[in-house]
Each structure stands twice: as structure tokens, then as C-alpha cells.
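Visitor: Got these off TrEMBL a minute ago, pasting:
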DOMAIN    16-190  domain 'CFA20'
REPEAT    620-661  repeat 'WD'
DOMAIN    631-912  domain 'WDR90/POC16 second beta-propeller'
REPEAT    704-736  repeat 'WD'
REPEAT    834-865  repeat 'WD'
REPEAT    880-913  repeat 'WD'
REPEAT    1390-1431  repeat 'WD'
DOMAIN    1398-1683  domain 'WDR90 4th beta-propeller'
Amino acid sequence: MSTKRTTTEPEVKPPTCQSPFVNVFKHFAVDSERGSFREGNVETVMDKIIGKKVYRIVGNVLAANYLRIPLKANQSLQLTGRYVYIQLRAIPDRFYILHLYVTTADERVLDISITNLFKECKVIGNVLQYPCHLTGKWTTLCVDLVEMLNRNKCGRFHCLKSIQICSNIFVRDVFTSESVYTKKTIPKHFVFPLLQEPDSQDFLQLPVLDNKEKAERNSTEPNDATAKEPARREPLRVQQISQIKRGKTASILNRAHAKDPRPKTSIPQLNSSISSDQDSKKKISTTFSPEPAMDLRFCIGYTSKTTGNMIWTRDCRSIIYSCAAKIVHMNPDTGSQKFFLGHTTPISVIALSPDESILASCQEGKDPLVRLWEMSTGECLAVFGGHASDVQCIDFNLSGNWMITVGKEGKGSTKNFNNLVILWDVSQVLKGGNVMKLVEHSFEPSLNKMRFVPFEEACLVSCGIGNIHIWRIKNVREKYEVRRMVLHLGPHANQVFVDLAFEGVLGGVDTFARSIYSCTASGLLYQINFTNRNIDQIYRLHDDSINSVVVTDGFCVTGSEDRFLRVWPLDFSDYFLEAEHAAPVNALAVSSDCLRIAIGTANGTIGIMDVPTHGYRTVVRSHESVVLALAMDPHNREFTTTASDGTIRTWDLDSFEQLYEFLAPGEHALCVAYHPRKYLIACGFEDGAVRIFDIASTSQLFEHKQHRSKVLSISFTMDGEKLFSAGQDGIICVYDAVRNYQPIKSISTAFAGDEIDLSISPNGKYIATIGVGSASLIIYNTDSMEKCMEMPSNGRRIRLVKFAPIKNYVYAMTRDSRLQSYDLNEGRIVQESSPLHLDNVNTMDFSDNGNFLLTGGNDGILKMWALGKQGPHEARCQCFIGHSSPINRALFTPDKKQVVSVGSGKGILVWDLLVDTAEDVSDYIDRLIAEKVTAESQQLDGASDRPETPPPRWPEQQSEETESLLEELLRFKQQIVVHGQDQAAAPAEYTSNVEAFSEPSPLQRLRERAMNMDFSSSASMSSQNLENSYSFIDNEVRAEQSQMFLPLIHFSGTRRPAKRAERKYVAAENEAGIRMSHISGYMQMHNCMLWHPDAGMFTTAIGSNIIVEDLHSRKQKVLHEHEEQISCIALSPGGKWLATGSGVPLGSKTSAPIFIWDYDSSMTVRRLDYHQESIQSLAWSRDSTLLISVGNCEHPRIVVWNVMKGSIVAASDCNRVIHDVKFCRSLNEFVSVGHEFVTFWLLNEDSTLLMQELTAPGDDPGNVHYTCLDVTGDNVVFVGSANGCVTQWIASSEQNALIDTWETGQGELTSIFSRQDKVYTCGQHPHIRVWGKPIDSLTSNSVAWQMIRQINLDGPAKSLSLDERGSEGVASTTCGSLWHFGEDPPTRIESGHSEEILDVAYSDDGELLASCAADGRVMVWTVKGAQHLKSFDGSRHPCLCIAFAPTGSSIIAGYSDGVARELALTGSTSSVSNAVLIDQEAITAISYSSSGHYILCGLQKGGVRALKPQRNEVNAITCMFVEEGAILSMSYSSNHPDLWLATSSVGTLRVFKYESYSGRSELILSDSFANSAPLFAEFSRSQQSMIILGGMAIGVGIHFYDIEAQRVVKKFTEMDQIATCLSISPSNYLVAIGTEDCLVIDYDAGTFQDFAGHSHSLKKLKFASRGDMIVSSGSTEMVTWQVCL
């Protein structure tokens, strides 16, 4: 087979001489088909204005009509002229665009887009957008390519690659040149002959030069008329294989000692317009000692690839892996690391030669570079390339002389790449020779892996999609060839082969063991006989893709997408070792002694498994995406990072291990700051929230959302009493850290979208920030937040601000990377540097002595500057590489021993400082101390005696001075003078907590349990079974709504028809065994809440119940007539009648009745039946005689009822969805809103309906949804829409017309009310906005509506109700809260869960009731009066189970992250008093022992753990479940306190006996049932050996199980439903059973009663300890019942 490559497309030949100019159209034969490519409407016409043939390019779609030069997109014109001249005429009032594709010196292709589409110049990726608005005249456009790239920092110009001219334009000619021409000196060939008048043509130069630049150019350049021919530029020679001079490789880039692998761009000399001439002439010192100033110590991170980026060294002591663009050589036992630095993009694959003398690596991206390294010294030996992209395999042959690389070769279209295999000779590299290419071979079949065969020197094996190939390298006539043989796969050709392995490689080569192993994406492993090329065996090893396989002499290791690592014997009979990880296993490496396995997972962790002991240790953890922020702990050697993977992590600076992890799914923390005195952090989030976290307990303490957009900066004052946050909305918020971080002030310092940053002065008195337009620096007083001074930035835009550590200076970094120094004494800029970086600077930090500046930016280079009197200068700068992407944050550690930097890559770099950053600055400290003494002596009399709470892990060794009034300053001085003193260990009382959380749960597991938890992995566990166990989030209704494009306000039906009991027995009121006491829940639907201010009554619909509650006495009336969920309610104007409409389950054929209630007597007076679909909206007429009902989207009927007669007055079907309806002042007029139109209706005397449909101008009729409305007494209609706009209409018999419109900025509006001269609006933001205008201007648009007030809530308002004057109101929010507001700030009057309630519990004394839910909240209520006492929001993970402590002083709660948290009920704060990591899986059941000495925790996968709360010790129960089912219930026997049982979600029952002397539990009974489904059980209180069972595992009813007989002795199946939960009364023979739609009370298994009260399936039931109360929960509803027996 021939290995020669054929070229299908001819190369474009550039002009031999490009001086003085090149006529592009003529040289490249644009008229012919081979010289250009035409797409769309491109034709040659005669232009009458200039009398020449031109190209006319027209069309509405710019990208579909164009002329491209050259013919193929992958060809290059190679035009080196600096200036491009284009003669064109734009079509007036039409958009046009020109694309100039330029190749830079670093071989990047940049698209310069010149168009009238844009308004400003900006760079987006590889596109430089430049606005250019042309007239209708013929124009010669001169584009200076060099200046264009330099101004926008896009690199150095190399050549013009191609030109693409899009419509709508006429073009005559294009030419390039090194000379600058004007309209007068343009070459004769390009003169417009018919345009001799001065104004008949234009000459435009881009980029546009200002007057200063024009003067400089005129003074330096020769006259255009006499311009000499420019010197011919030498052609750029691209060396495919380059030899690098051998020398020591360091992480520092210095001008004299190291080479920057990036293109070099000269930095201009210091040119400050502020410094004096004498200063500018001073000699700049070039000393910077030592050199280098920093040394890379450790890299925290691992870039996970499928295979090929993890290697063990031959001595079994170290592993080699990649992290972004770095290669890390790490000893996992000692933690020491060495680095190979030089790549500029993330590394895709690495390989090590068999003798470990050469390490090979290749980076990602286009035209990737391969680097060879000498392992012993770390030197880079050679850099070369040969592939177009995607190098995925590198391997050495057995002798190490040859190396193979496999990648892609660009052929034809860039989207259609062929595989390219290149064989290299690397035998001479270590001797100083070159790398030689022996042969290259291209082929089309897919290839995933290619390796040299260890059995033969010149043989390779490859695998891919549907193929396995064997290759041989032949030397034919002193020329190498590659020959390929296809392995016949037959029926297995549809497999995707992922990885390869060879038998007998690691433990020593066995020439007779010639088997090849290849794993597939379907979980199979193929064993292939290498001798006869046949498939010997096929093994099913995993259920998902096997990503990596390694075979040794004794075993095989596989890592799979199913997250399992398995070790198999070579007969693959069964695995003898298995380890489940938190993410897919992507990479494996086995040490040469076969004793240890290195495992790399997709979430960036590396683990080491010891094969003999089965021990496992995680050695590397990392963020999964971009690291956004960094903060240093001021007291401990720790730091915290945040990332876009939704995690916040705390790391140890000594061991570099992860200590804690906080999870915020779907949210990004953009900034973080440590509390200066407590072990807390504050984080600012992308959604505008500021949250305070306690690190030791991994809990959230407080949350406030004062910003409307991203929080970009956050900082504490030095005393820790105030917190400041700055948002993208231009607002700075101040929080009182002493009083639960309550917001105390907000000030607007800039416009929304401006740059914003914060810096607190060292004495804590002042705060610096950026002003309006980023054009000034503002100083505020931190106490009063009054502006002290504002200093302009001299026309530059400020990006960052920072107080100087010693001088009375503030430093500002501008957008063009200049450092400005502001003297606060003079109030002006005193110094400005030249640009410090080639791109934006994202971070800067100063050493304590102010002598060193640390900067990092988008160029990925970390720079250390030695600051002199003239500021930073390139002569006193050292550059450090290590980040291949933009650096987001870099900080000195508090002890000034190290620097930590983070960036857009996953790696966190820790650098050792080699310079002294802590000089003796006693004079300055003494002055600060004097100021401190003076200031505090004036406040001694009023000083607070409030004790300080020391932060956890505070150093023990502290001087006595730190406890005095001078604590801060003296500690600061001590840190500077006594530099390098080691901090003490953590206090003993915190040791147990630290140990318990030293191994936090993995990210993947947290996400699973927080967002979509599954309690069973059994195949028989159906979705219905899961529903009957637990479910967190049900998105089915939301998904259906999104498919129909309906607003959130629209009612789309309940989830599914409830399973109803065929037989029910509802006792009379005087015979009922229980009576409903109180019901609470989350109002799930919009407009299902009413407030009657005159009566003080509050009415809401919860499920199928209507709750009428007196807000003063908190007494409730429950109105129950509906069988399905209530969709809407409406109260008549006089408050006499209440109308309620039903919702219909999706797919149900039942009707949707409307009930009319007498509000005073709470009795039904009418039932109105007509609708067969859910009721969307109800509206009363002003005299309460007529009622309008509207059907939802399934059938949008509108019906007018006569309520007194119960008859239909008129009805009409509608073509479009209706969302809301209201009556006008007249009885025969009403208005409805919905999809596309606002509809005005007229009811005629003959009962016919007339309508007029109107749309506001500017609204898209096909997309607009009008969602809500209100009608005033003057027939003024206010309409809210889904896009957040309000339109004001006038409804009259003569004309219905639009009056006014305005934008609210609240997203989809759900409620709108008009009261006098005010309008109230609610939307998808957590506030209510009040709009106002003069009352005499309500019906005119001469005066605009202005927002006069904003009422902040804890979430978006779902329902709103106001009194007639609008002075008071009640609102319900999506967080389950009810708020009352008036002139004062709003007050919360009711709380509830916003997501499904998962567990309930009574205290032992029966006085308190607790509930927990999927929203992570635990709420505590009083049983008497149902008053809400406390809420615990300490975790964002779902809380699955709770139990009261026997003392009643606390609650133990189990969470989905495997942590048990103790919630203290005593004290005024709601905080987590203790937290212990039980296991790395969710806690699904929790219970105290009879003695209260330990706590049993049931886990998701069937395990049980015993926790001793006094010692925080976690012990495993000896006998664990072998099934993979979650523990659903645990119960103790009241007759035998040492017996306890546990049931699971797969129908297993286990009974244990606790041995107090040994602390162990012995399994005495194990049984399972026919259905592998949820099972619930409790011990009988009356019969000692009896257990009562319920659940899907046993079917309908309940069973009575005898422990001694070990079988079911009795069944109660009179009830024809399956129990979803049960509870047994401690005082009598009552058994409470929850079902799909009711609560059943069983009287000693004889009779039963049904009690309706829930509209959802019951999930939990609990009797109180005295047996007098029952609590039941379903969905977000919670009902308490009083036992009457």
C-alpha cells in the first residue's frame, strides 16, 4: 500500500515581488473560476458612475452572498503588505460586511470584520469587529493591518490570508502595499477617471488616526509622492522540527535568562505624563534579587482525559499526569512535585519511553506541538509538529528509538479530517541530534488508540469505531513504509473500541503470552489472539463504556463510565476488587510491581489503591471548571476557592488537601472573603445573593439578596463588624456583621455594567471603589458611607483598585493595564506606569512592605514587580509561566511565604516566595498604633462588652498584646517583624470536627442526591415505586408547560389522576376518631390567596382544601368540597361570596366544578357545572350577581354565570389561551388577556358576546402573552405581560384605546393592582414594585409612570391581595412565606416549605413539631397554636429525615450529602451546633436509641451507621444490608428496648438486638417479600413480638408479622389501597395509615375510617408521644389531627 500523500488542491502562489503594490484581483485571476469563490447573488456589471466593470454583491442574508479570494478557505494569499486598499461603494440604508482574514506571527488566524452592523470596536475570540459607516459614494478604504492588530492587542501581523466581501456592496479593485497612499498619490491604475471633483469620492483610513498620531506620522514618514520602495520582507520560514538549546528549564521568564514561548512583544518604556522631566531622566535600577523571585511549589488539579495522561515511573514511587498545560511529576507518598512547563494549551496525551529517559507530550488545539523532555533534568529537548489537530495517541517502541503520533490531517474542508499516523526517529535527541520523520500515513477509518506491540519491535495495534488494525513498519530500499492489516470482526463491527492492552507487559515481557485486549463503549472486553488474529473471548465486565484497561501478569484492571473500578483475574470469572467513585473512571495506571493502581476520574481526582490491602487514598482533588475567586485565611494556613462548577472549596496550604466543600448547584460564587476574626467566609453569587458560610460545620448561616445582578467584589472591615459587597448593578451594599448581616445601607456608585471593585484601607476607615463610567476613583468613609473624595482617572477606565499597605496611596489598574498611583493627601494621580501586560489585568496584590506588586491577566502570565520610587518597570519585573489561560486571582499568603494563583484552567498553583516581603516598618506601625490609641480612648466609655467568639482552628500561641485594644495593629506588626513563624495547631475542641470533615463527599454524589436522588438501583424499581418512596423534584408539569410555551401563571392541570379508593368509610362528625386541627402548606398556584382586610380573614387554597384563617387568633376553618386541586379563587366585592374553581388532572375525563360559598357561614350555596377542563380564572361583577369563568389552555371557554340562579347567561369558545379576566364598571363589559391580544367584551341583551381584540404597538403578536390585568372604577385597564411590560388602556363604549406603556424589569408579571394613583406589580423577582404618577395625569401619557417604592420579599410573589386604598396588603411567595406590608417594611406572618416535605417528627413532650423538606430547610412549630418558631437553613442539600433529641434541646437531621447535623433549639439564633459526616451517601432514616446514647443513621445503599453524639464517633453496624435499597424506616420496640428494626426500599426487613456491653448489634431476623419495593414497619405497642408492615412490598393493606414465628400471621386488606406510610399510637390500638388520597385509621385491625384532607399522596405520618395528636404530610402540605378517642 502506498504511503504517499496526494494533494488535491493546488497551493496559491503569492507574488514573487510584492513591491510597490499587488493588484489582488488581477494577480489571483478573480474573473476566472480558479481564482475566487462566489456564493449567492454575485455578478459583474458596468457601473455608470465610474464607467468601469465592478462586482455587484447583493442579498438580504450577508453570509449567503459573498465573493471570496482565494478559491478555497484553507488556502492563503500570503500577502505581506501592511496596507490593504479596497475600492467599493456601499448600497445606502443596507448592511454590509468585509472580512479580512489575517495570519499573525504565532500562526493564529484573526478575522477583521469591517461593517456598519457594529457601533464599537471590540474583540470576541478570533474576531475583531470594527465599525465603519460608509456613504453612497465610491470610497477607497485603506486598512492598516499592523496598527489594527496593535491597537487591539491581537498579536503581530504576518500576512493577509484571504478576503471575503459580503453584500450589499459594489467593489472594483483590491490591492496591498507597504506604502501609504492618499487620494492624490494613489497608483494610476486605481484612479477613478470620471470622479475628479473633490466631493465625488471618499478616501477613508482605518483605524482612524487622531490629530496627534497624524502629526507623528507626517513627521516620521517621507512624502507620499517621493516614497521609496519598501525593503522586501524576508519570507517566513516555518521549521517543522526545531531543536531547543539544552539548558535548565525554570518557571521564570526573564528577558536575559529565559525564553518566552509566546510571541514577544516589546513593552514601551515608562512614559508618565504626570512625573516631572527630571524624574523621567533618572536611571532605572535593573536589580531584582534573588532571581527567580518565586518557585512553583505545588499544583492542585488534574485534567481528566479518557486515556493516556497518567503514568507510573519504573521505581513505583511517582506518577506523571497533566493539569491543563503543565505536566506534573508527583510522589503520592511525600506529596512532592516537579513540573514540565512549556506548553501553551492544555495537554492531550503524554507517554514515557521504556527506559524512562524521554517523556513525550502533546497539546490540544490547531497545529498542536509535541515536546520531548529529558526525565532526569526536566529539560525540553525538542519541539515539533506534524498534525492539523487532535493528537490523541503517543507511544514509544520497546527500544525507545521510535515514537508514533496519531492525530488529524486537514484535507479539503476543515470539518472533514482524516487520521494521520507519523513515525518519528528520536534515537538521537539525547545526544543533541534532531527528531527525524520516518514515515507518515493517512487513512479514513476512526482511530481511538494506537500502541506498539511489546512482542515485536516494528508492529503496532490500533482500535477505533468498528475496527481493529495491525500495522507493520517495513524498511523497503532504505525507506520506511507502514502497512496495515484489518482484523476481521464480523458481527462485532458495530462496536466502538476505546482502549488497548497487552498481556504480560508490566511484570516482565512473556513472548508466549500474545493476547491483545480491547475494551468497548458498551462495556465489553475482547481478548484477541495475536498469532492467528482471531477473537478468543468476549467478556461483559461493565454496564457502561470501559474507558481504560490495563493488563498485568496476574490481573486485569478496568475503569468505566459507570464509575466503577474493577480488578479481575485473567480468566475473568468474577472481579475480586471493586471501588465505586463519584465520577466516571477515565484513566488507569498500574505500578511495575503491580501493587498499586493510580485512578483518574472525570471530576478531576486522582486516587491510589493498594491492591494487597484494598486501601484507597485520594491524592489530588480539583475543581471541574474555571476557578473564579480566591481568598486567604488570615489565621490558618488555608485558602478558599470558588469555581463555575458550583462548588466552594477550602484547601490546606501545608498538605494541599481539600478540607471542606460547599455545593451550590447551578450557582456561581464570583467572589469570596474571610471574616477577620471568625472561621467564616462570605461569598457573592452570580444571581446577586450574598451568603455567609460557617466553614467548620459546612453550613450556610445567612443569605441576603440586595443586588439585581452579579456580585463582583466582597470585603470585610478589619474589625469584622461590617461587610461590603459590590455588584454589576453599580450598587455597594453594607451589612451589619454583628446583627445577622442585616443590610443597613446601599449606595449607587456607578452605572449598571460599569467596572466595579472594592478595597478597604489598612486601618479600616475608608473604602475605595470605582466611579461612574469607570472614569474616577471614589473614597468613602466606612462608618457613614459618605463620599470623602473623588479623583478622575485622566481619561482612562479603571478596572481594579487596591489600598497601598503602607503609603497613604490607592492604586488603580486601568483597562489598558496601566498602574495609577493616587495620593490621598493631594487627592490626585501622582504616577502612571506604562502597560504592565499585553492584555487586561484581572488581579493585583501588594506585599506588606509595599515593595512588590503581583499581577496576572488574560495573557496567562504571572508577573512580580519590584516597586521603586517610579513605580513598576519592565527592568524590575520577573514573569512566571504555569497558567495556560487567563489568571483570575493571585494573592500573597498572610505569612508572606507563598503566593497562590488561580485561573480559567482547573489548576491552582502555589508558589514559594524567595524574596523578603516583610521588612522592618516599625515607624509606620508606631504611627498607626498612636492613631488607634487616640481613636479608641475616645470610645472607651461606650465600648461594647460583647465577647468575641474565636474562630475555629485559631492559633494557640498568641501574645498578650493581641488581647488589648491594639490587637489588630500589634498582630500586624508581629507578623511583619517575626516573619516566618509557624502557626500553632488547632485547639483540641475542634479536632474531632476537622477530622470528620477531612474527607468531604465528592461532587458527583452531592449533585445526584441534591437534584435527582434515586433510592434504589434495582432494575425492578419502577418510577411508580420511586414515587412511593421519595421524590424531590417533579418537573413533569413544568416540562409540559414549556413545550406549550405557556407563562408560569397559567394553570396546566395536576400531575396525574390520583388513585382513588374504591371503598371509603367516612364517619359522622361526632363519631370520627380524629379531627383536623391545622393545615399549612405552600400555595403552589398563582392567585390562590385572598385577604379580607375588614374581617381580618385570610383565605388560601392548599391542594383541594380551602383554608379560612383568622390572622389574629390563628384559628382555621377548612372548607372541603373539591376532589381535585383548586386552581383559582375569587371573593365578591362585598366579601359575601367566595367562588372556587377546580383543576382537572392531565388526561382525566372528570369535570371541573365551581363552588360558591357563603363566606361567613363557610357553607356551599351553589355548584356550577359546565367546564370539562381546569378553571384558569374567575371574576365577579361589581354587584356580585354575575361571575365569569375561563377554561385553561386545553379548551379556553369563557362563561358568564348568573350566580343567584345558577344558570349560564352567555358562553363562547376562544381561539387563543386566556390567562386572566376582569369586569369593567358596567355589568355588560369585561376585559380578558391572554396570548397575543387584550380582548374587550360586550354582553348584549340577547345574551350574545361581542369582542374587540387589540395588541399594543411594538409587541410581536405571535409571541406576546398578556398575563394579568386590573380595571379601575373609571374603566382604566392596566395589563401586565410576560415580557415585564405594563400597558394602560381605556375601556369605553365608543373606543377602546391604548394610553401608556412602561417597562417594570420584573420578568413575567403575575399580578397587577391599581389603587388610586398607584399601580402594584409582581413578577419573577423577589419584590413588589409600586408605580405612581399624579392622579390628574392617570389617563394621559404626558407624565411617565415612576417607581416610587420597592417592597422586598424572600422570593417572587405568587399571589397578591390589597385593601381598597392600597395602604396594606398580603403577598405569598414561592419560598412558602406569607408577608404583610403597609407603610412599614414587610413582616413575615407565615412560613412553609417550598418543596416536598420529606419527614416530620414530634418532640418527646409533644409540645413541638418539626418538618424537613427537599429545599434543605428544617422548620419547628408549636403544636398548640401552630406557631412557627424557627427555621434552619444551614445546608443547601435536601434534608431527608429528622428526629428530636430525648432532652428536646436539639434536633438531629440527616441530609443528602451524608452529613448529620445537630440543630440547637435553645438560644436566639438558628444555627448548626454540630455536624458529622456519616458516610459518602445520603442519610435516608434517622432515630435515637431508647437510651438516647447513640443515633442510628440509615443510608441510601442499605447500610446503617451508629453515631455517638457526645464523641462524634461513627461506627458501622456489623450486619449490613446486601441489597442496594435505601433504609426507609427504623423503629425500636417499646417492650424490648434492645430490639430495633430497619426496612428498605427493596422490600427487606431486618431485626437487630443491641448488645450494650460490646456496643454492637446482632442480626436476629432477616426476611424479604415478593415485591422488590418500599416497605415500612413499626413494632406493635400492644403485642410484644408483633411487627406491623405496610408498603408496596406487601401490596394492599397492612400485615402483622410475628418475630418468633418469623412469618405473617394476619392481614388487614379491607382497605383497597397500598399504604404509603404508617404510624402506631403509643397509648392505644390506633394505627394510622397513609394512602394515595386519604388518611386511614385502623382500630385494632378491625374497623377503619377514611379522612380526606390531602390532595397528594401521603409521605409521612407520626403520632405524638402522648398519642393525642397525629401529623401527616404530602407534597408541601402538612396537616395536624387531634385524636378524639
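A Cβ is built for glycine as well, from the same backbone N, Cα and C atoms used for every other residue.
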Visitor: Take the repeat 'WD' (704-736) and count its residues per DSSP category (helix H/G/I, strand E/B, coil), listing them in that order.
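Guide: Secondary-structure composition of the repeat 'WD' (704-736): 0 helix, 20 strand, 13 coil.
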Visitor: Mind checking how the repeat 'WD' (1390-1431) divides into helix, strand and coil residues in DSSP?
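Guide: The counts are 0 helix, 22 strand, 20 coil.
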Visitor: Using DSSP, what's the helix, strand and coil tally for the repeat 'WD' (880-913)?
Guide: 0 helix, 19 strand, 15 coil
Visitor: From the DSSP assignment alone, can you count helix, strand and coil residues within the repeat 'WD' (834-865)?
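Guide: Across the repeat 'WD' (834-865), DSSP assigns the residues as follows: 0 helix, 16 strand, 16 coil.
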Visitor: Could you tell me the mean pLDDT over the repeat 'WD' (704-736), as a whole number?
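Guide: Reported value for the repeat 'WD' (704-736) is a mean pLDDT of 92.
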Visitor: Using DSSP, how many residues of the repeat 'WD' (620-661) fall into helix, strand and coil, respectively?
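Guide: Helix, strand, coil within the repeat 'WD' (620-661): 0 helix, 23 strand, 19 coil.
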